[in-house]
Amino acid sequence: MPVIGLGTYRSKGDNCRNVVKEAIRCGYRLIDTAAVYKNEEAVGAAVAELIALGEVAREDLFITTKISPRDQGYEKAYSAALESLHLDCLLLHWPGSSGRRVDDPRNMANRHESWRALERLYAEKKVRAIGVSNFNQYHLENLLGEAGATIVPHVNQFEFHPAIYPIQASLTFYLEAKEIQPQAYSSFGEGALLNGSTIIKGVLEIAEARKATVAQVLLKWAMQHGFLVIPKTTSSQRLAENLASGDIELSPEDMIILNSSFTLESAQRFCWDSTFIV
């Protein structure tokens with residue numbers, strides 16, 4: 001899987017189609033979408049157009065989408081996947097099911113059934129990789145334990161940046177031990193970590209020393225933790241800047257500064273919290 005991809009959350013219609021085309025032309029080869037984003041058709045149209053023009057080969061692209069929480073369960077998950085665009089990687093988007101309380105035991109049963117559907121799709125070679133999103137260690141241990149998963153998830157996609165590192169550090173160690181590839185979304189804390197009162201202490205100095213932008217530093221920090229990254233943007237300049245973030249190198253001292261910039265007490269989560277889903 002490519003290390004840097006394009007996230008498409010909140011991008012729709014012509015806007016989505018155009019940014020996907022521009023990203024591929026810029027050099028991106030991984031595009032991340034999801035059923036709940038309601039833009040799979042636009043992503044597929046952009047890819048088909050560039051293939052028809054001879055600008056890219058389908059086998060050079062890696063398209064990821066995610067099963068909606070409303071499609072949890074074996075038959076629903078399997079059917080939803082088959083109706084999706086031609087894809088390479090399929091993830092369970094959320095450990096819970098739509099319309100159920102966090103303590104409803106059906107959440108666990110549904111995600112286990114859904115995982116069996118993904119295992120079948122993988123065995124049938126309909127996808128190149130399968131994984132999960134927003135799963136914590138408990139969800140993964142449960143899946144690999146009593147659920148009897150026959151395939152360890154290839155990927156776990158979740159919120160990851162220095163502000164949430166104290167919360168997520170133990171999960172990253174667990175994923176490394178299980179050889180599950182971590183993938184980061186919201187690398188900029190929904191934009192909050194790029195400017196204003198929540199900018200990380202020391203990051204401006206690191207960016208200046210590395211001749212990089214703050215965004216590039218945050219992306220490279222995640223990469224040096226072993227993560228794939230999928231930043232979203234509609235700016236041509238930022239598409240190129242984000243892709244170039246792999247070219248910079250952070251020193252061990254830079255990593256220590258960013259790793260220790262927040263404590264468990266000051267850590268911030270900007271997106272969804274699946275902690276209490278059984």
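Start at 1 and count along the chain as shown; that gives each residue its number.
Each residue, glycine too, has its Cβ placed from N, Cα and C.
TrEMBL does not curate its annotations; it predicts them automatically.
Per TrEMBL, the features are:
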type: ACT_SITE; residues: Tyr37; note: active site, proton donor
type: BINDING; residues: His93; note: substrate binding site
type: DOMAIN; residues: 4-258; note: domain 'NADP-dependent oxidoreductase'
type: SITE; residues: Lys66; note: site 'Lowers pKa of active site Tyr'
Give the three-state DSSP assignment (helix, strand or coil) for Lys66 (site 'Lowers pKa of active site Tyr'). strand
Averaged over the domain 'NADP-dependent oxidoreductase' (4-258), what pLDDT does the predicted model reach? 94
Give the distance between the Cα atoms of His93 (substrate binding site) and the residue listed as 'active site, proton donor', rounded to the nearest whole Å. 11
Among Lys66, His93, the recorded positions in question, whose Cβ has the most other Cβ atoms within 10 Å in this structure? Lys66
The rounded CA-CA distance in Å from Lys66 (site 'Lowers pKa of active site Tyr') to the residue listed as 'active site, proton donor' is 9
Assigned element (helix, strand, coil) containing His93 (substrate binding site), judged by DSSP: coil
Surrounding CB atoms that lie within 10 Å of the CB of Tyr37 (active site, proton donor), all protein chains: 21
